[in-house]
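Chemist: Sharing the feature lines straight out of Swiss-Prot:
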{"type": "COILED", "residues": "20-70", "note": "coiled coil"}
{"type": "BINDING", "residues": "GLY179, MET180, GLY181, GLY182, VAL183, GLY184, LYS185, THR186", "note": "ATP binding site"}
{"type": "REPEAT", "residues": "569-591", "note": "repeat 'LRR 1'"}
{"type": "REPEAT", "residues": "593-615", "note": "repeat 'LRR 2'"}
{"type": "REPEAT", "residues": "616-638", "note": "repeat 'LRR 3'"}
{"type": "REPEAT", "residues": "639-661", "note": "repeat 'LRR 4'"}
Amino acid sequence: MGISFSIPFDPCVNKVSQWLDMKVSYTHNLEKNLAALEKTMKELKAKRDDLERRLKREEARGLQRLSEFQVWLDSVATVEDIIITLLRDRNVEIQRLCLCRFCSKSLTRSYRYGKSVFLRLREVEKLKGEVFGVITEQASTSAFEERPLQPTIVGQDTMLDKAGKHLMEDGVGIMGMYGMGGVGKTTLLTQLYNMFNKDKCGFDIGIWVVVSQEFHVEKVQDEIAQKLGLGGDEWTQKDKSQKGICLYNILREKSFVLFLDDIWEKVDLAEIGVPDPRTKKGRKLAFTTRSQEVCARMGVEHPMEVQCLEENVAFDLFQKKVGQTTLGSDPGIPQLARIVAKKCCGLPLALNVIGETMSCKRTIQEWRHAIHVLNSYAAEFIGMEDKVLPLLKYSYDNLKGEQVKSSLLYCALYPEDAKILKEDLIEHWICEEIIDGSEGIEKAEDKGYEIIGCLVRASLLMEWDDGDGRRAVCMHDVVREMALWIASELGIQKEAFIVRAGVGVREIPKIKNWNVVRRMSLMENKIHHLVGSYECMELTTLLLGKREYGSIRSQLKTISSEFFNCMPKLAVLDLSHNKSLFELPEEISNLVSLKYLNLLYTEISHLPKGIQELKKIIHLNLEYTRKLESITGISSLHNLKVLKLFRSRLPWDLNTVKELETLEHLEILTTTIDPRAKQFLSSHRLLSHSRLLEIYGSSVSSLNRHLESLSVSTDKLREFQIKSCSISEIKMGGICNFLSLVDVNIFNCEGLRELTFLIFAPKIRSLSVWHAKDLEDIINEEKACEGEESGILPFPELNFLTLHDLPKLKKIYWRPLPFLCLEEINIRECPNLRKLPLDSTSGKQGENGCIIRNKDSRWFEGVKWADEATKKRFLPSCQLISLK
């Protein structure tokens, strides 16, 4: 019998047949698949757009998008780009097919294209089918953010250790620390906060809130909400009760430590929305106050008293402030120094202030005089007025001249814990004639900065920087109380200095004798209407506006015609940030002594009819008056020296320019103009007084010619901004005329290829360039090496450099620069910028050296450093930034 074989041939044929059918279907069904792909992609895009609108609403409420949803959005964006390419080639590919779509003139190419269409169709269908019930979550925040701290007070280490251990005890939910003003409670609480920041101690989040004397529940709620990532319109529209419920529901799920600094009365935690820290582990509250009674009302059984320093410890602190040079300048001074230190009663604030005041007193006679002055203000009863204020008043009395003293008292007009812009203070001082401005505003400003420096060095003011180059000062609350006490003639004439700033009052306070009121501050309040007439015959300052960093917007709407009738000495009137104020009464003409008028961020459209009678006015602020249509009548203000029009909507017609050119005493002008405002750009007089100039608008052929004239027209220009202009280059020349320029901001300028003109600004401190898609160089080598420019080394004083969305930028400078003052380089979306003009010696040196920031870690990996030493110097200071 022969051997036979059976081969299963049919299944193989079947599989091959299926494979061939699938390949043929890619081409045969191409048109149907393309139509389905286009339709399904439209549906996917509609779904994405709906979800993105929902995402925008939820992110406005402080929520953050889920990573899963972001991956989906990225996938949709990726597949959309691919499909755009596929659909672009559809006609070519369809024409390539033949034999009823079963074959192709290029079979391989058609197969690949058809397969890609088929696979993308399946991918789009899958993306479209994904369901998102939730796309956001509660925004995550850093657990703790370290707070800036003054140097540790000598002798507080033991108390800090004790407070930290006490707060961490299982049975302690609330810890209160009390003591007199200036004893170091805030410093101790800050050290405690930073200690928790370092160790975390198992808590999810730490929250710091300054409460201050005028306690407002919603203010505390808003600060806690900000830390929790809440915000937007939905939050601000909630009432106090709703905010409390919202905070409670979030905090009850977290372990937290809440630090409340400077409370003056019982704080109702339930009303704020803070779960009771005593009811569950993982919740802690630490606060400071001046009153032991407040501790008891807050439910603290064993409050910690922050006591003044013991005599020997206090003397150690005092000696450090005085310095060994002064202590050793005469054999008798150390013994007298111990007597002076003893008069400070161990109060750290007084020891610091008096010690620094005495640091330059190097004769026995000066020290004996100091003891005599301190003894002349004996303390007779417990409290601020009998112990702290007389001591602080000695530092006040020791200030040189009434000018510096009056300047300090003026700072007390601002709200408690206020950050006060230095330039605002100085403007007020000049117009109140505390500083003589007769020799020019710039000289007067220099004097103002000298006074501020004197007060800072005397520890009566503290400097504060907002990180954006705008410097401010703040006043310790004890020093502020001292200033108010002195201004009211040691409490005898309390109505001379009326300060109700930032406390939420809704009407003008009731005053027994308006004739004694000299200065009044009602800034950052809720007063809607000023009605009636008040006989304020001695009133020189009236503040009804808001600070730059104020938290409460002024709400003034109307001023009655008779309100200004009896204020013949009023020199300073601040109505800034009253965004519901549309006009001023004609009777403002009665303010015959007015020198300063601030209408910043108001809604006025015209100057009041009585403006021409204000013959003494020297300072007029109309910045951000977005409805301003005319300044007719301003030519009557013959003594006007400072006019601020930045970001106002004033139309720059010929009449406006002519009227301004008649102001013969004008020294400082800030303004925003459209390049089409040829009349302004052609005015040598106005350009020569420009301190801040912003050019905004579209391209004009004459813009460069006017910019060239600008370079020879002004030596006062400090801030220069060009925004949304189409211009190939900025032609400026003349190094001698840009010595004052410190801030340059260029935004959204099409066609701009280089900024070589910046070599003529040797004092520039901040340079920001955003959205200049054609920019290739900051300083162009070829242009910079032409003529006189070849010997100039740019940016010797530059502090901050920001470069954002400059896709063609390749070079900042062609070789390393010293950059001796450079603190920060912020770079975003500059893919072709791979080499920085740095070597190992560039940038600000020391512990707080130059920082380089970018949002993309791959950019750092691609940087071409000058050498290994440069890489070693700067790579550790490179920081990733996250954009919300």
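Keep in mind that glycine also has a Cβ here, set from the backbone N, Cα and C atoms.
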Chemist: Sorted by position, what residues of the same chain at least six away from VAL183 (ATP binding site) have a C-beta under 8 A from it?
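Modeler: Listed in sequence order: VAL306, GLN307, CYS308, LEU347, PRO348, LEU349.
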Chemist: Note the mean pLDDT of the repeat 'LRR 4' (639-661), expressed as a whole number.
Modeler: 91
Chemist: Quick one: give me the count of other CB atoms within 10 A of the CB of GLY184 (ATP binding site).
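Modeler: That number is 27.
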Chemist: I want to check the contact list for THR186 (ATP binding site): same chain, sequence separation of six or more, C-beta distance under 8 angstroms. What comes out?
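Modeler: Within the chain, THR186 (ATP binding site) has Cβ neighbours under 8 Å at ASP261, ASP262, THR288.
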Chemist: Tell me, how many other CB atoms lie within 10 A of the CB of LYS185 (ATP binding site), whichever protein chain they belong to?
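Modeler: Taking every protein chain into account, the count is 23.
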Chemist: Can you tell which of GLY181, GLY182 has the least company, meaning the fewest other C-beta atoms within 10 angstroms of its C-beta, among these binding-site residues?
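Modeler: Counting other Cβ atoms within 10 Å of each of the binding-site residues GLY181, GLY182, the minimum falls on GLY181.
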Chemist: DSSP helix, strand and coil counts for the repeat 'LRR 4' (639-661)?
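Modeler: Looking at the repeat 'LRR 4' (639-661) with DSSP, the answer is 8 helix, 4 strand, 11 coil.
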Chemist: Can you count the other CB atoms that lie within 10 A of the CB of GLY179 (ATP binding site)?
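Modeler: Here the count is 21.
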Chemist: Could you count the residues of the repeat 'LRR 3' (616-638) that DSSP puts in helix, in strand and in coil?
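Modeler: Secondary-structure breakdown of the repeat 'LRR 3' (616-638): 3 helix, 3 strand, 17 coil.
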Chemist: When DSSP states are folded down to helix, strand and coil, where does LYS185 (ATP binding site) land?
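Modeler: Assignment for LYS185 (ATP binding site) reads helix.
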